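Enquirer: Attaching a single structure in structure tokens format; questions to follow.
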Amino acid sequence: MTRQFGTALSWLKGRTAGIFCCHVLLVVSCTSLYLRYLESLVPADKLPVAREGELRRSINVDDTLDFTARKWVETRTSWKAPIIWEGMFDPDLYDQKHIQNQSSVALTVFAVGRYFAYLKTFLTSAERHFMLGLKVTYYVFTDQPEKIPPVNLGPLRSMKVVLVKKYSRWHDVSMMRMKAISDTIESEIRHRCNYVFCFHVDQQFKGRFGSEALGDSVALLHAGFFKTPKEGCTYDRNPKSTAFMRNGDYYYNAAVFGGLWENVQNLADYCFLDIMEDKLNDVEAQWHDESHLNKYFWLHKPSRLLSPKYW
């Protein structure tokens with residue numbers, strides 16, 4: 001009898017505790033709903049203001065672009081992608097946003113054959129102007145790894161050297177770089193960096209090339225064809241080439257392109273496969289990898305365009 005009484009008492013205590021927990025949850029839920037209801041009655045201008053740091057973390061910095069800053073040039077494409085010009089953006093806002101997001105960038109550059117001579121100038125100028133404040137890894141593709149010049153790298157900067165084959169023509173180096181870029185993205189870059197930018201080595205940075213240039217898929221407007229009618233742009237108009245196109249949206253420069261690593265890899269794979277198909281058919285696009293890049297960006301619109309000032 002005593003044992004039965006003890007069992008009943010334990011059951012009653014357990015049931016009472018369960019009921020109590022249910023009541024607590026019910027009160028908490030009702031309180032939350034009631035507070036939400038009260039909040040809906042408060043005018044928007046009376047709600048607590050977010051701290052500046054919280055606002056910066058939540059803001060879409062592209063919403064701050066001033067598309068009227070350059071009234072004499074186009075600042076947005078027909079598919080609503082921004083065309084980045086100086087004066088359209090707040091550089092500090094972009095830098096702070098990407099630093100908070102811990103954005104990291106891989107820069108690929110090919111220094112092969114006689115073009116190796118440009119490498120030191122390119123890297124030195126990049127250290128002064130390219131993505132300052134962000135983590136940057138230089139991927140130097142070269143046939144002369146033992147001759148890489150010494151460059152004083154700043155904080156968050158590092159360099160990787162990748163050995164590549166030397167071709168007799170620069171055109172072949174330029175075209176075949178697409179496979180090397182894709183392979184390196186797959187084997188290493190994707191595990192280290194969010195973004196990839198690809199450059200020709202025979203150029204140097206003269207001013208800021210900062211985080212405002214980062215985007216999902218980034219193309220550079222060619223300075224030589226910026227004001228040229230589409231009919232006058234040098235798209236590949238050979239129907240036998242995979243790069244064939246009558247007219248495009250803009251004419252893009254293959255000296256600079258970039259974006260999220262997966263999008264750059266897709267671009268590189270597309271161009272490489274089309275280049276190889278042309279080779280099998282004994283065809284070469286008019287402007288080599290640039291022709292294929294323009295075809296890709298015509299079919300897959302870039303989400304961000306850089307003005308010719310970035311070249």
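Quick reminder: no glycine exception, Cβ is built from N, Cα and C everywhere.
TrEMBL feature annotations, pasted as is:
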| type | residues | note |
| --- | --- | --- |
| ACT_SITE | E290 | active site, nucleophile |
| BINDING | F110, A111, V112, Y115 | UDP-N-acetyl-alpha-D-galactosamine binding site |
| BINDING | D202 | Mn(2+) binding site |
Enquirer: Using CB atoms and a 10 A radius, I'd like the single residue among the recorded positions D202, E290 with the highest neighbour count.
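Expert: In terms of Cβ crowding, the pick is E290.
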Enquirer: Would you pick out, from the binding-site residues F110, Y115, the residue whose Cβ has the largest number of other Cβ atoms within 10 Å?
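Expert: In terms of Cβ crowding, the pick is F110.
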Enquirer: Quick check on the binding-site residues A111, V112: which one has the highest count of other Cβ atoms within 10 Å of its Cβ?
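Expert: The largest 10 Å Cβ neighbour count belongs to A111.
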Enquirer: Cα distance, E290 (active site, nucleophile) to Y115 (UDP-N-acetyl-alpha-D-galactosamine binding site), nearest Å?
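Expert: Answer for this pair: 18 Å between alpha carbons.
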Enquirer: Between A111 (UDP-N-acetyl-alpha-D-galactosamine binding site) and D202 (Mn(2+) binding site), how many Å separate their Cα atoms?
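Expert: Here the two Cα atoms are 9 Å apart.
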